[in-house]
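According to TrEMBL:
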- His59: active site (ACT_SITE)
- Glu113: active site (ACT_SITE)
- His117: active site (ACT_SITE)
- 1-21: signal peptide (SIGNAL)
Amino acid sequence: MNFSILIQILALQCLAVVCVSREFDFYYFVQQWPASYCDTKRSCCYPKTGKPAEDFSIHGLWPNYRDGTYPANCDSVNLFNDSKITDLESRLEKDWPSLACPSSDGMRFWGHEWDKHGTCSESFLDQHSYFKAALDLKNKANLLQALNNAGIKPADGKYYSLESIKDAIKEATGYTPYIDCNVDASRKYHQLYQVYMCVEASGSEFINCPLLPHGRSCTSQVEFPSFSHIKPAHQEL
Ligand code: 5GP
Ligand code: 5GP
């Protein structure tokens, strides 16, 4: 075999590896319950646009590998650019508010999520498609409605079985979620903090989770606290 043919074969093999190698296997779509975030952080701050509605909000859409590891900060060139999502801003303010302090308009949180996670799936979803996919997934899951349908409503001091929460979400969406708990401000009771669902690589369909995340496990009974009485510890206006 002459040298140039050998080079061509090697080049084709490299191309094949690049073509079949996957950037990631699936996404975790993670939603947070704002009252639980505020209870734990104890110093949550409402967004500049005001107190969010009592609803689940998006934490992130995170590319993951099947072995439990995940890529992060994959492209330092194509960093967050807010001008690419101006048409989605009002939906993002409503469905992906930032409760961290100091108060913000959400850009910092969205920018962090895109830079850390979104850049790792950009051959599937560019920046605009990534945010739109997350917003559409939130609507599709409609978690609050799923829980309401099963009589599971936010209320302080009321406990629901973890199984009933998972069953209600499975009943409504077709998929069993992973529930991540934290402890309330008194540090005594487990409360529903985040809901993880798995999504295939194009970012539009839920799938059965290939692997459960390493999260904080929940006790068998958990609180689903109300957001109505929550007052942020620091409100920077
Ligand atoms: P925590 O330790 O609060 O669960 O996670 C901190 C951060 O690490 C998350 O917000 C997220 O950015 C990242 N992270 C934690 N677990 C996972 C995971 O299973 N997959 C991915 N892609 N990111 C994760
Ligand atoms: P992660 O790396 O955990 O995906 O992203 C969490 C980062 O976003 C942290 O630096 C956190 O302070 C910031 N952040 C801003 N707003 C929020 C919020 O409402 N919820 C969560 N979980 N993190 C937020």
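Here the Cβ of each residue, glycine as well, is placed from N, Cα and C on the backbone.
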Per DSSP, to which secondary structure element type does His117 (active site) belong, with helix, strand and coil as the options?
coil
Would you count the other C-beta atoms found within 10 angstroms of the C-beta of His59 (active site) for me?
21
Please give me the CB contact count at 10 A for Glu113 (active site), counting all chains in the structure.
23
In Å, rounded, how far does the Cα of Glu113 (active site) sit from the Cα of His59 (active site)?
8
In whole Å, how far is His59 (active site) from His117 (active site) when you measure between their Cα atoms?
11
For His117 (active site), list the number of other Cβ atoms lying within 10 Å of its Cβ atom.
24
